[in-house]
Amino acid sequence: MANVVLGAQWGDEGKGKLVDILAQESDIVCRAAGGNNAGHTIIANGVPYDFHMLPSGLVNDSCISVIGNGVVVHLANLFSEIEANVKKGLKVNPERLKISDRAHLVFDFHQVVDGLNEGALGGKSLGTTRKGIGPTYSSKMSRSGVRVHHLLNNWDDFVTRYHKCLDGLQKQYGFEYNADEELKRCKEYRDKVRPFVLDSIPYVHDAINAKKNVLVEGANAIMLDIDFGTYPYVTSSNTGIGGVCTGLGLPPRKIGKVFGVVKAYTTRVGAGPFPTEQLNSVGEHLQTVGREYGVTTGRKRRCGWLDVVVLRHSHMLNDYTSMNLTKLDILDQLDEVQIGVAYVHNGKRYTDFPADLDMLTDSTVEYETLPGWKSDISNCRKYEELPQNCRRYIERVEELLGVPIEWIGVGPGRDAMVVKVPASVSQASEAKKQKVN
Ligand code: GDP
Ligand code: IMO
Ligand code: MG
C-alpha cells in the first residue's frame, strides 16, 4: 500500500515538512504530478532545504525518490536543483533518484508560451509560476508532447518530435525561438539524465508487493486541481487523489492512508477567488508572522481565515484518513480566531464549494468566532501542553469536518510537531462510515 500526503487548500500548507517526517519510515517517496511550480521547504537538523521537482524524501538518506509519469520535468531546472542540494550535503544520484520514462519534458519554449499567455490576459492573468507547466500539459493532452523516453531513444526521432511540438506553438503564438541552442542543451542532458530513468510503474508496484513503505508527496493542492479547483485559476494537472493514481500508475486499491495537510488559516499565491481572504490587519498579521512568501516565485501569499467550505470540498474529493493542521503557532497572538463555515449568496446559505466563480464575487462568508489563546505554543510537544482555547480550535475543526487531526505543526522545524490521535473523532467517523456502508 502507498500512503499519500495531499495539500487540502491552495498550496503551501506544509506538505514538505510532513513528508520529511514520514520519509523517516519510508523506503520510497514519489511525486505524481506538477513540476517545478511546487515549492516545499523543509528544515531538518537546522538546515533549510527547498524542493521544487525533487521529492522531499531525499533529506532522509535511506529513502529513494521517484518522479512519476504524471510529473512534467524541466531538465535544466532539475539538474540545478540536484546540484544545489548536493552542495548542501544531500546524496542525489541514480541510486537514490528515479525518473519515469513516461514523464513529459518541459522545454524553455513552454516557459516562453506561459509568459505570453499571461501577458495576453493582461490584468486578468492567472499569476502562474511561469515555469511552463500549463503549456507542457497542453502539449501532452494535444498529443504533441515529448516524453523522457523519446529523448533517450532515437535522437533524430526526438528532434522531429521537438520541432513538431515547437512549430505548433510558434504557429499559434508567433514567437522567435532558437531551437538549435535548446537542442544542443538537450543532447547534453540526454547522457546526464539516462542513468536516472526507468519504467517507474513496475518499480513502484514491485516495491509495494515487497511490502516496502511507499509514500506519495502531493504537489500543489486540491483547490488548484484542473477539475475541482477554482477554474481557470488553477494549475494544469489533477492535484488530488485522482492524480496520484494516474501520475504513478497506482490503482486505488494500492492506496492506503491519505493525509490531508491543512494550514490553520488559508493562503493563496496568484490570482483567483479566495472567499475568506482578509485584506486588513489580520491578513497582514498572518502574512508577516507566517512569513508567507512563495518559495518558487518569492511573491507575497494572500492570507485569510480557515475555510471549512473549502475543506469539506477537499475532504469529499480526497477522503482524508487524518489531517496535519500546520502553522497553528502563527495564530498565537490573535485575540480571536475565525472559521468560515458557509457562503451566503442572495440570502441563501451554501456549504458546498460552487463551480461558478461569479457566485463567489457577491457572496459573503458566515464565520464562527472562537477565542484566541494568546500564548506561545512553539515549544509544546504534547497535546495536553497546548492551551485550552487552542485545543478548542483544533477540536472544532475536527468536528466540522469529521476527520481526526493526527499532527499539529507548531513551528517550521522537523521536531516542531505535536502528535494527536483523537480516538473519539476516529471512532465517530468510523462509526459514521459503517452506518453509510
Ligand atoms: P508546501 O508547499 O505545502 O510543502 O509548503 P511550503 O514549504 O511552500 O510552505 C510552508 C512553509 O511553512 C515553509 O516555510 C515551512 O517551513 C513552514 N512551516 C511548515 N509547518 C509549519 C508550522 O507548523 N509552523 C510554522 N511556523 N511554519 C511551518
Ligand atoms: P506547492 O506544492 C501554491 C499556483 C500558482 C498559480 C496557479 C497556476 O508548493 O503547494 P502554474 O505555474 O502551476 O500554472 O500556476 O497555481 N500554484 C501554486 N500555489 N503552491 C504551489 O505548490 C503551487 N503550484 C501552483 O501560484 O496561481
Ligand atoms: Mg509550497
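Using N, Cα and C of the backbone, Cβ positions are placed for all residues, glycine too.
Source: prediction; values computed, not measured.
According to TrEMBL, D12, E13, G14, K15, N37, A38, G39, H40, T129, R143, N220, R299 bind IMP; the candidate from T160, T235, T276, T321 that the record adds to this site is T235.
Only D12, G39 of the recorded positions listed as D12, N37, G39, T297, G298, K300 bring a Cβ under 6 Å of any atom of ligand 1; the order follows the sequence. If you measure from the Cα atom of K300 (substrate binding site) to that of N37 (IMP binding site), you get 15 Å. Cα separation, V295 (substrate binding site) to G39 (Mg(2+) binding site), rounded: 5 Å.
In this view, K140 (active site) is surrounded by 20 other Cβ atoms within 10 Å of its Cβ, with every protein chain counted. With a cut-off of 6 Å between Cβ and the nearest atom of ligand 2, the binding-site residues G11, G14, G298, R301, L328 reduce to G11.
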